[in-house]
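Quick look at what Swiss-Prot annotates:
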BINDING   10-33  NAD(+) binding site
BINDING   SER138  substrate binding site
ACT_SITE  TYR151  active site, proton acceptor
Amino acid sequence: MVIANSNIIFVAGLGGIGLDTSREIVKSGPKNLVVLDRIDNPAAIAELKALNPKVTITFYPYDVTVPLAETKKLLKTIFDKLKTVDLLINGAGILDDTQIERTIAVNFTGTVNTTTAIMDFWDKRKGGPGGVVANICSVTGFNSIYQVPVYSASKAAALSFTTSLAKLAHITGVTVYSINPGITKTVLVHKFNSWLNVEPRVAELLLEHPTQTTLQCAQNFVKAIEANQNGAIWKLDLGRLDAIEWTKHWDSGI
């Protein structure tokens, strides 16, 4: 996918990985970048606008845990304004295994609902033009961090949802792939709670392992966007971008 002159919606585009990715996207010259985030950050929006004045940056407050109908209403507002959208990035995520329901709601259900909502505008069975969805999942969807089983399970669920949608591309006309960062130096991983406090030092122990910067992750994220490979399971770890070959142990045969 060519980012230049495209219209992009980025859910949670002002967070750690999100903000650096927004910066890299803006440098590539899209026509519009629409940022949906729970928390407004006027300074970050101003920075993005200054980075490339030719790009129109728009912000809408959005909590991914709202009902599906509210998400559809917001997307209708955006589509009415832009007419077309080329790429949806689902990037909302929390890491706190003491908040079980919210972890699942943000990391999994929010991704499902936002993706489902945009199908009203993209699905070729409804006369839509198709589009592209990039879901930010996690390497914990491959192998869990067992001290945070709720977080790991939510990301595994998001990954499974994403790979399923990719197999429906011939029906919907929508390309779908996953972005799976490894341990990245963000606020998210500097302090978080394990499930039932099984490991009070989990964040500290995790950061003893090799990490990557948010900039390294963002630069590889843009490469994955440009590759635009339906069904790709991208691992973004230690400053590298690698396509993961999923081992199949069972097949529905459908």
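Glycine too: its Cβ is placed from the backbone N, Cα and C atoms.
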Among GLY16, LEU19, SER22, i.e. the binding-site residues, the one with its Cα nearest that of SER138 (substrate binding site) is GLY16
Counting Cβ neighbours within 10 Å across all chains shown, tell me which of the binding-site residues GLY13, GLY16 comes out on top.
GLY13
Report, as a single number, how many Cβ atoms besides its own are within 10 Å of the Cβ of SER22 (NAD(+) binding site).
27
The sparsest Cβ environment within 10 Å, among the binding-site residues LEU19, ILE25, is found at LEU19
Report, in whole Å, the straight Cα-to-Cα distance of the residue listed as 'active site, proton acceptor' from SER22 (NAD(+) binding site).
24
Under a three-state DSSP reduction, the secondary structure at LYS31 (NAD(+) binding site) is coil
